[in-house]
Amino acid sequence: MNFECDIHMHGTLTQLQNSPRDLARWRQAQEQLLGGRHGPALNGYRDLVKRFPAVAELWFELGNAASGELDFPLANTAYRRAVELAPNNASLLGMVGQQYQGLRQLDDARACYERAVAVDPDSVDARINLAVWLEKERRLEDAWNAVTECLARHPRDDQARYFRAFLLHRRKQYAEAETALRDLIKDGPRYPYVKYASRHLLGVVLDELGQFTEAMRWLNEAKSQVRQLTDIALLERHYDQADQRRRDLLASLTPNNLQRWRREMPASTIRHQIAFLGGHPRSGTTLLEQILDAHPEVLAFDEPVAFHQEVATHIPLPPSSGKGQLGVLDTFPAGRCEGLRQRYVRSLLREVTGEPTAPVLLDKNPSLTMMLPVWLRVFPELKVIIALRDPRDVVISCFFLNIMLNATNANFLSLERTAKHYADLMDVWLRMRELGGFDWIETRYEDVVGSLETEGRKVTEFLGLAWHPDQGRHHETARRKFLFAPTYHDVTQPIYQRAVGRWERYAEALAPIMDRLAPYCQKFGYNA
């Protein structure tokens with residue numbers, strides 16, 4: 001579609017606001033966008049930018065709708081136009097930067113954050129966005145300078161004070177971080193996120209200081225703050241309904257299904273071996289990903305969106321019945337799978353500069369373990385690697401996470417629901433392991449940190465490759481990458497064993513859920 005028009009002559013925001021009909025169309029498009037109906041929203045925005053081509057907000061929202069429809073070239077065109085129209089709008093620049101970050105266009109994201117500070121040096125949001133980005137790039141001194149400059153202008157700002165405490169924690173200045181956080185909490189932060197996050201971070205800091213009972217108290221207080229702000233019961237209900245459908249699908253799946261999917265799949269034109277690295281979150285998947293990614297013949301991807309966007313959304317599984325889902329999977333044309341495979345690989349490789357030469361593409365995505373039946377319908381030759389860790393360590397580690405809230409992560413607001421989520425996900429794996437008919441291997445976190453080369457060699461050979469010396473120096477490779485996982489800092493350090501047996505420090509808090517976890521400890525070889 002051609003969007004070229006004279007942006008200086010007509011179609012301004014004022015004109016849009018003075019047109020009730022067009023204003024109503026804009027609101028409708030916004031509602032569709034917020035409701036996840038990206039296609040109808042995109043159609044509305046296409047019409048609106050034709051009539052009002054000088055409105056930067058329309059272009060930004062068109063970009064969001066295009067991104068939701070996986071039209072990334074159009075999304076980029078729209079974001080660039082938004083920035084051209086409002087080059088001095090620090091708020092818009094920050095929002096565009098966040099969208100680029102979601103698209104993993106890291107240079108574009110950084111440029112937006114830097115430009116926002118340049119055009120509005122007094123903006124707290126602009127400076128904090130930049131500081132957060134610099135920390136993710138592991139430029140800690142630059143991040144410290146950015147937040148220090150922000151506090152020099154706004155010494156009492158909640159966000160800046162919180163992020164300074166976060167950087168103190170990252171610099172291992174735990175006593176100073178504790179003092180800063182207690183002062184911030186005492187002053188009563190006005191931002192709901194800071195009110196929650198400061199309590200959560202204080203729990204994390206106290207854990208580092210060995211004050212385990214106090215750490216748990218602050219974590220629970222932080223999570224109670226979240227419960228006051230969000231309809232957690234609704235999120236839990238949606239999650240539980242999806243889990244029941246998943247269990248119905250697994251119960252109706254048979255070895256014959258998996259064998260036939262593999263037998264009937266036409267020869268693929270994809271020249272890469274696809275491997276999936278799953279398991280429960282906080283089971284050592286990021287560490288293992290970096291060990292494998294250090295091999296010159298492996299290209300690893302850190303929780304990419306490619307499978308969800310390019311595969312799962314194109315297989316219309318009915319939301320009402322697990323058995324109905326099996327029917328859709330079983331009758332999905334094998335020929336159409338090839339198109340999805342091609343889309344998936346193209347989407348993965350959007351993150352890669354130049355022509356990839358590595359024969360193995362590794363998708364590290366622990367949460368997508370839930371979707372193994374769909375994976376194996378489209379990629380029956382998939383190499384499946386499942387990371388295991390003591391279930392008690394997994395649960396306490398997940399409870400310590402501070403991540404964006406959704407129907408899945410809402411489980412991590414209580415130890416009981418965290419244990420339920422562990423059981424739900426690992427039941428998927430146990431059932432798929434029982435069915436067989438595909439290539440899989442399990443690897444234990446404790447074995448990886450106990451003998452990196454022995455365990456790393458075993459998994460590398462499963463991928464048909466020989467161990468490479470660079471894999472023993474994986475943390476050096478990780479420092480050169482931008483990592484999206486919550487554990488991005490940990491894997492840039494040499495192997496350590498302090499996380500093994502962490503649950504013992506919280507045995508009293510875990511006592512009510514020990515019976516729930518005991519069967520999984522037994523099945524995966526841990527002493528209950």
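Glycine too: its Cβ is placed from the backbone N, Cα and C atoms.
According to TrEMBL, the protein carries these features:
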type	residues	note
DOMAIN	41-227	domain 'ESX-1 secretion system protein EccA1-like N-terminal'
REPEAT	56-89	repeat 'TPR'
REPEAT	90-123	repeat 'TPR'
### Task
Could you pull out which residues elsewhere in the chain have a CB under 8 Å from any CB of the repeat 'TPR' (90-123), counting only those six or more residues past its ends?
56-57, 60, 63-64, 67, 72, 75-76, 79, 82-83, 129-130, 133, 137, 146, 153, 304, 350-351, 482, 484
### Task
Quickly jot the same-chain residues contacting the repeat 'TPR' (56-89) by Cβ under 8 Å, restricted to those at least six beyond its ends, or write none.
3, 7, 13, 16, 26, 29-30, 32-33, 36, 38-39, 41-42, 45-46, 48-49, 95-96, 99-100, 102-103, 105, 108, 112, 115, 119-120, 309-310, 347, 350
### Query
In the predicted model, what is the mean pLDDT computed over the repeat 'TPR' (90-123)?
93
### Query
Looking only at the repeat 'TPR' (90-123), what are its DSSP counts of helix, strand and coil residues?
27 helix, 0 strand, 7 coil
